[in-house]
Amino acid sequence: MGRIIGIDLGTTNSCVAVLDGEKARVIENAEGDRTTPSIVAFAEDGEVLVGQSAKRQAVTNPTNTLFAVKRLIGRKFKDDVVQKDISMVPYKIIAADNGDAWVEVKGDKKAPPQISAEVLKKMKKTAEDYLGEKVTEAVITVPAYFNDSQRQATKDAGKIAGLEVKRIINEPTAAALAYGLDKSSGDSTIAVYDLGGGTFDISIIEIADVDGEKQFEVLSTNGDTFLGGEDFDMRVIEYLAAEFKKSSGIDLHNDPLALQRLKEAGEKAKVELSSSSQTEVNLPYITADATGPKHLNVKLTRSKLESLVEELVLKSLEPCRQALKDADLTASDIDEVILVGGQTRMPLVQAKVTEFFGKEPRKDVNPDEAVAIGASIQGAVLSGDVKDVLLLDVTPLSLGIETMGGVMTTLIEKNTTIPTKKSQTFSTAEDNQNAVTIHALQGERKQASQNKSLGRFDLADIPPAPRGVPQIEVSFDIDANGILSVSAKDKATGKEQSIVIKSSSGLSDEEVEKMVQDAEANAEEDRKFEELVQVRNTADGMIHATRKTLVDAGDKATAEEKEAIETAITELEEALTSNDKEKIEEKTNALTQASGTLAQKMYAEAEAGAQPAEGEQAKSQDDAVDAEFEEVKEDKK
């Protein structure tokens with residue numbers, strides 16, 4: 001069994017870790033960074049760029065550069081939060097045939113799990129390069145407040161990337177694992193405040209020593225899957241755009257290129273203001289009108305930034321109140337507060353969290369890496385490399401079915417420890433009813449239509465009977481990933497019908513399988529593309545070196561040699577205009593041969609000319625005289 005890696009698939013950045021001996025280790029990517037931007041770009045030549053390379057070209061390719069796609073995963077196009085996002089991103093968000101939110105790139109419709117899979121592939125490759133072995137299994141983290149369809153979509157992304165997802169684990173729980181595993185014995189209750197790039201979670205977790213086993217029990221969890229650093233960036237972008245409109249009368253919202261530059265500048269300004277009290281946003285040639293080019297220059301102070309985003313920070317405290325209430329605790333019962341997610345570096349966030357919990361958050365947890373480290377520890381628990389650790393997570397939202405009158409009847413309450421199974425008996429609403437529709441729901445509202453619909457199925461062939469007589473047992477079963485199966489059984493006939501909830505939307509098994517095959521085909525294409533680039537680089541280098549040799553040779557090269565070399569160069573340059581790898585290799589070899597004799601002749605002459613010079617040098621060294629020296633200290637200040 002290979003190693004199980006831990007991946008924090010973030011909205012803004014992703015991170016991969018593995019248990020290396022006794023210690024979990026964050027793995028640096030090919031660029032030498034410990035985190036990778038969760039950005040995927042589709043270049044003009046068809047190449048797929050992931051991470052820093054995608055981020056670097058975002059300004060020149062805004063409509064084909066996809067960021068923060070995690071906010072769309074498992075969501076419907078008509079969701080309010082998706083509609084709000086459409087006007088704020090330069091790329092195109094569209095409705096899929098089943099109503100899901102997808103993206104469109106160069107006329108191609110793509111599902112969010114497909115885009116996330118590109119990021120996961122990069123993390124997989126990063127781990128493989130470090131370990132020197134193939135990686136096929138992973139633990140992937142999700143926001144604790146992700147619903148069933150969002151979890152399922154994340155699992156699909158893993159499958160498309162060629163990973164068997166051994167477990168989906170909640171981000172705050174993973175951070176608690178990273179923090180608590182090496183802490184001294186004794187019981188403690190911690191609050192994990194996780195404000196990342198796109199999502200917010202709060203989890204109250206009890207860490208206890210039970211018979212020598214370290215037990216992490218989630219008491220409650222709450223959050224907002226559309227609140228994060230991206231929203232803070234948006235506030236800055238809106239402010240900069242409004243200031244620019246005030247001074248120039250031009251609305252930058254209609255210009256994707258300007259929007260992308262604003263996004264980069266806004267994010268940079270936000271980060272800078274965590275350590276300084278003022279910064280300047282200077283974007284020359286942001287746009288142009290009939291009077292000529294326009295420049296954006298805005299001073300932004302920390303207090304102005306805080307006034308723009310304070311509402312968002314306060315919005316995060318409501319779930320904290322609810323989580324404490326659900327755990328039946330008060331802020332004073334919390335022993336430690338852990339901050340996770342890059343946005344928690346903001347001084348205002350730290351101040352409000354300190355004020356709310358009445359204690360300073362811990363500073364010894366890396367907010368960018370803790371989640372991936374925790375995921376790798378969970379991977380090691382699953383593979384048996386780490387023992388004496390028990391993780392008890394919860395389902396974040398209540399689960400139930402729609403009953404008469406459009407009411408949601410809850411079977412599993414929110415914050416129930418998982419895995420779990422609950423059953424309840426229902427009956428028919430009309431006389432001689434021969435079928436019932438089971439409509440599974442997730443949420444906290446009493447009105448069924450106000451909750452998230454997870455799926456429907458029918459139980460048919462119920463024997464005719466007066467209403468209320470048939471006994472239909474409905475069972476909800478949640479696995480350790482928080483993914484749900486529902487079954488319904490007619491007690492009289494024993495007939496049973498069940499489904500694994502794939503959500504009323506989501507990707508079908510066939511679609512996922514096709515995407516897996518596409519990804520594998522793309523991997524082969526990528527390999528061929530890489531080989532072609534290497535061959536091209538070798539050819540370019542050969543042309544450059546040969547031309548230099550010709551110049552250096554001057555008259556020493558015969559007319560025949562020059563002609564043969566020039567012909568070989570022309571033929572190789574012609575081959576380079578095609579994508580024919582074999583042809584380029586063949587013409588490179590031909591040039592190597594054509595220039596070989598001249599290169600040898602030049603080398604032999606250079607060698608012959610160097611020998612007398614060496615003799616002279618030796619003689620001059622023999623004549624050297626040792627001299628005394630005196631240190632001069634005049635310049636010493």
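Backbone N, Cα and C define each Cβ position, glycine as well.
Here Swiss-Prot gives region 'Disordered' for one range in the set 253-287, 288-322, 603-637: that range is 603-637.
DSSP assigns T199 (phosphothreonine) to coil in the three-state reduction, placing it in neither a helix nor a strand. Shown in sequence order, T11, K70, R71, P143, Y145, F146, E171, G223, D224, T225, F226, L227, G228 are the residues of the chain, 6+ apart in sequence, with a C-beta less than 8 angstroms from the C-beta of T199 (phosphothreonine).
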